[in-house]
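Taken straight from Swiss-Prot:
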type     : residues   : note
TOPO_DOM : 1-8        : topological domain 'Cytoplasmic'
TRANSMEM : 9-29       : transmembrane segment
TOPO_DOM : 30-161     : topological domain 'Periplasmic'
BINDING  : H129, Y133 : heme binding site
REGION   : 142-161    : region 'Disordered'
COMPBIAS : 151-161    : compositional bias 'Polar residues'
Amino acid sequence: MNPRRKKRLGLILALFVGISATVGLMLYALNQNMDLFYTPTELVNGKPDGTKPEVGQRLRIGGMVVAGSVVRDNNSLEVSFKVADVGPQVTVIYDGILPDLFREGQGIVAQGVLVDATTIKAHEVLAKHDEEYMPPEVAEAMKKTHEPLQYTEQQKQGTGQ
């Protein structure tokens, strides 16, 4: 091979290695940022396709806070509570201030790391609310200037015009 072809081949190989490394690092970063969503039943029994999360895996779990399950530590901000859907209960441990809408019997989504088969150490807890929720300040302002909206059952279910 003449020197010109060697130089061109070296340049092509360097570009190929660089692009491959970049794509590999991007896929690795995307995989690290991916949190799979589970319900308590799916977490304990596995998803329909048979996959179960491994201990140490980052995930999100959603369900209802079980009444009477909230336990607060008197010396710190740590709170533990149980989340359930229609099946088994999963314990969520959270060290921080819970959202204002957090209540027993309320829907939540927690993001964290699986500690064991039925325990999650959460670093974020989000409280869910229904579509009719309105912050108290906004509701008070609306009362002063607007009449409340009266929805029919069809409209609430999204089937009415």
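Positions of Cβ are set from backbone N, Cα and C atoms, glycine also.
With DSSP classes pooled into helix, strand and coil, the tally for the topological domain 'Cytoplasmic' (1-8) is 6 helix, 0 strand, 2 coil. Away from its own ends, the transmembrane segment (9-29) comes close to residues 1 of its chain (Cβ-Cβ under 8 Å, at least six residues beyond either end).
For the topological domain 'Cytoplasmic' (1-8), same-chain residues at least 6 beyond its ends with a Cβ under 8 Å from one of its own Cβ atoms do not exist.
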